[in-house]
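Here the structure is laid out as structure tokens; the discussion comes afterwards.
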Amino acid sequence: MAMKLNALMTLQCPKRNMFTRIAPPQAGRVRSKVSMASTLHASPLVFDKLKAGRPEVDELFNSLEGWARDNILVHLKSVENSWQPQDYLPDPTSDAFEDQVKEMRERAKDIPDEYFVVLVGDMITEEALPTYMSMLNRCDGIKDDTGAQPTSWATWTRAWTAEENRHGDLLNKYLYLSGRVDMRMIEKTIQYLIGSGMDTKTENCPYMGFIYTSFQERATFISHANTAKLAQHYGDKNLAQVCGNIASDEKRHATAYTKIVEKLAEIDPDTTVIAFSDMMRKKIQMPAHAMYDGSDDMLFKHFTAVAQQIGVYSAWDYCDIIDFLVDKWNVAKMTGLSGEGRKAQEYVCSLAAKIRRVEEKVQGKEKKAVLPVAFSWIFNRQIII
């Protein structure tokens, strides 16, 4: 971990076939996707630089109102031009409704349990939307003080939330009609997750907040895109379209958030790279890390292990996202940085390669132990991870 790499070096992640199982972590040692990110901590200077409540933060984001209107709000779709969940579900007003449900269940019956565990986990993550909206509304400079402010930042947050709301609605209804999952246990998990809240470690700082959302939206895009490919592989073209449309939304949202940080890096590269480094040192906390169904205290780790196992999202994707953001924000080419900024620059530019080396060593040394895990979402049927 102490080894330094050239800041301009970008390593490509080894490609993984999503239809081939990735070696899972050793039994009893299931790892979070981000567990190897860093053991270092940000210095006090970082927190001085990013201290919440600075008047300059409000001034900066107020000055970017017009820019956000012209460059960020364009990534939203009007309600009239948006797909809705009912577009992909059986029509309850039709005489053919029962036949449509039967056809849907017929397509779903041969899809493996592993896939449904991941699809349920993705849906539960989407359903905790109130938590994510509240995170953005706590950030200085962009918060929606009244709940209906007309600023570009507040407008974006509300409209983004409205678009995202369709994702959980559609997946929830699909899973309900599929007959493959225990909806009551899923509903309990959703209630537990929303009730537990989430600390993203963004400290109400918009720099950190937008770095977090840039990372998360791209991760979610990757996850839904891969569930779409798997659904196609299993022969359910309708489900593939469902997941594909959700992935398309996530990619569009990721583009907007990434563009915001790109603008911040142009205006204030020092603060931006320090914020980026700070978030990566603290490790990006996945939105559903507090997932709980009333019995499995390690539910999130078990869910993510299955996601990695079937090729939906893994440590390799985490590394690819870091490299993507480093490149998109031109981190390696930043100049005029403070001493703290240069340290942050060096850290983030070499991080993905370090994680890959550690992960390759871990996977190379781990015994191929198996762990049968019962998931309440699929009526306590066991999956080997």
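Even glycines carry a Cβ here, placed using N, Cα and C.
Copied from Swiss-Prot, the annotated features are:
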BINDING   Glu126, Glu164, His167, Glu250  Fe cation 1 binding site
BINDING   Glu164, Glu217, Glu250, His253  Fe cation 2 binding site
TRANSIT   1-36  transit peptide
If you measure His167 (Fe cation 1 binding site) to His253 (Fe cation 2 binding site) at Cα, how many Å is it?
-> 13
Near His167 (Fe cation 1 binding site), how many other Cβ atoms are within 10 Å of its Cβ?
-> 25
Note down the number of other Cβ atoms within 10 Å of the Cβ of Glu217 (Fe cation 2 binding site), including every protein chain shown.
-> 22
Hey, of Glu126, Glu164, Glu250, which of those binding-site residues are within 10 Å of Glu217 (Fe cation 2 binding site), Cα to Cα?
-> Glu250
Once Glu164, Glu217, Glu250, His253 are set aside, which residues in the chain still have Cβ within 8 Å of the Cβ centroid of the Fe cation 2 site?
-> Trp160, Glu163, Gln216, Thr220, Phe221, Asp249, Lys251, Arg252, Ala254
Within 10 A of the CB of His253 (Fe cation 2 binding site), the number of other CB atoms across every chain shown is 23
For Glu126 (Fe cation 1 binding site), write down the residues of its own chain that are at least 6 apart in sequence and whose Cβ falls under 8 Å from its Cβ; none is a fine answer.
-> Glu164, His167, Gly168, Leu171, Ile246
Which is it, of Glu164, Glu250: the one of these binding-site residues whose Cβ has the most other Cβ atoms within 10 Å?
-> Glu250
May I have the list of same-chain residues other than Glu126, Glu164, His167, Glu250 whose Cβ is within 8 Å of the Cβ centroid of the recorded Fe cation 1 site, in sequence order?
-> Leu129, Glu163, Asn165, Arg166, Gly168, Thr220, His224, Ile246, Asp249
